[in-house]
Amino acid sequence: MTQETTTVIRQDATNQRKVFIKTYGCQMNVYDSERMGEALAADGYQPTEVIEDADLILLNTCHIREKAAEKVYSALGRYRDLKTARAKEGRETLIGVAGCVAQAEGEEILRRAPDVSVVIGPQTYHRLPEALRRAKTGERVVDTEYAVEDKFDYLPKKERGVRPKNVSAFLTVQEGCDKFCTFCVVPYTRGAEISRSRKQIVDEAKRLAENGVREITLLGQNVNAWHGEGPDGAEWGLGELLFDLARVDGIDRLRYTTSHPRDMDERLMAAHRELPELMPYLHLPVQAGSDRILKAMNRRHTAAEYLALIERIRAARPDIAMSGDFIVGFPGETEEDFQATLDLVEQVRYAQAFSFKYSPRPGTPGAELGDQVPEAEKADRLQRLQALLSRHQLEFAQSRIGMEMDILLEKPGRNPGQLVGRSPWLQSVVIDAGDAVVGDMVRVRITDASANSLAAVRLD
Ligand code: SAH
Ligand code: SF4
Ligand code: F3S
């Protein structure tokens, strides 16, 4: 889930100012970085991957665990010398912090990092060009107020999807969260749950398709809580939205992430049952297998309810692969509670999973609880859990050997003549491409599997 990526939106090279954007955290940040890059491009900033060339360094940050937040400050420390070196050559460097650390810490960032001149929250990044203009005059700007206007109405639209050979794209449909799990900062950094309108989403999907995108992943911190108004005025949920998007010309594959078990409704099940465009892969985090811990986390379901839900999902779409997130060492978690997590994992057999040591976050109820689990215990549990999850992931990958499937080619492989595509189950598949090019959907047979990638031969 957490990754570091450099967002690049190519533009014609002219004598423009340059921006280097570094992205931490979840896919929603990746999406936001692309939107910020477009807003900056419209304002005369050209993207660069060479940080030394950047007139603006923008960090799009994550606050989910302590490590994620600390990474930002250590990066800011490293930029200090760079800024000084450029200043010696008479070149100014602006440093901006966006995203969830910006939202959570605001002014505090200016105190801890004297080189930062702009701090901008996830809800206000459409105002970034304005904030930069103010920063240019020497002002230090913090803009983390929740905006009354809808940022999506203020972001450039026509650039959407202009990246060459971008066959798979993210599309944010829902933001924020009202669930308040006791370990989690998201309700505080991203604010209350809001859904973008159906029209805005469908229009964006069409623009993406016109630019060659064939696969769209709908994003939201709670994506299956999306709701909106259908063309007939009726209340729609994510299920109806998926049926609608499947009709967009050129869109062959749909995915969505991240879902909450409490929001898997009948129409969403129907979408999995009836829509060939909806890929048979579902990220449905459970966090823990013990009812006592689930309750303390405020997840508002039991382990048995979660397992029953998965049974229903598998009845609707028998070939579906499950993915999940886990936290070990939540306050009060005993060895017996942890065993319940291992038992649940044994029953579900996830194709893919992300697992973390509990990290107490300032301002969340979990951080206030007594009975914090010692670090060594957390590390031990994480290792045991990950060993089991890795075994299942490998077994799932190996179960694909001999299967025939369509893969969507996304990028060049390591060796000449190779291309890498995606299986319906989100695995990387390496093939000798022959005459196929990025953007093609090709039929293959899987010949080999490791935990993280598959090898295949073309059939068509
Ligand atoms: N909305 C998603 C989760 C978003 S955060 C959901 O409800 O499942 C992504 C993952 O980070 C979570 O699923 C959780 O496993 C992990 N996470 C969140 N807060 C954490 C914390 N304080 N310590 C450790 N892991 C955490
Ligand atoms: Fe965080 Fe829970 Fe909301 Fe997910 S559902 S974003 S874990 S509060
Ligand atoms: Fe991190 Fe914010 Fe996403 S805290 S996980 S970047 S919503």
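Numbering starts at 1 and runs along the chain as displayed.
Even glycines carry a Cβ here, placed using N, Cα and C.
Secondary structure counts, DSSP: the domain 'MTTase N-terminal' (17-137) has 66 helix, 25 strand, 30 coil. Here TrEMBL flags 17-137 as domain 'MTTase N-terminal'.
As annotated by TrEMBL, [4Fe-4S] cluster 1 binding site applies to Cys26, Cys62, Cys100. Taking Cβ-Cβ distances under 8 Å and a sequence gap of 6 or more within the same chain, the neighbours of Cys100 ([4Fe-4S] cluster 1 binding site) are Gly25, Asn29, Thr61, Cys62, His63, Ile64, Pro122, Val185, Val186, Thr189, Arg190.
Among the features that TrEMBL reports, domain 'Radical SAM core' is placed at 163-395.
What TrEMBL records for Cys177, Cys181, Cys184 is [4Fe-4S] cluster 2 binding site. When other Cβ atoms within 10 Å of the Cβ of Cys184 ([4Fe-4S] cluster 2 binding site) are tallied across all protein chains shown, the result is 21.
Looking just at the domain 'TRAM' (398-460), the mean pLDDT is 96. What TrEMBL lists as domain 'TRAM' is 398-460.
Apart from Cys177, Cys181, Cys184, the residues listed for [4Fe-4S] cluster 2, the same chain places the Cβ atoms of Lys179, Phe180, Phe183, Val185, Val186, Pro187, Gln221 within 8 Å of the centroid of those Cβ atoms. Across the domain 'TRAM' (398-460), DSSP assigns 1 helix, 34 strand, 28 coil. When the binding-site residues Cys26, Cys62, Cys100, Cys184 are checked against ligand 2, Cys184 have a Cβ within less than 6 Å of one of its atoms. The 6 Å Cβ screen around ligand 1 retains Cys184 from the binding-site residues Cys62, Cys100, Cys184, ordered by sequence position. Most other Cβ atoms within 10 A: among the binding-site residues Cys26, Cys62, Cys177, Cys181, that distinction falls to Cys62.
Reported as a whole number, the C-alpha separation between Cys177 ([4Fe-4S] cluster 2 binding site) and Cys26 ([4Fe-4S] cluster 1 binding site) equals 14 Å.
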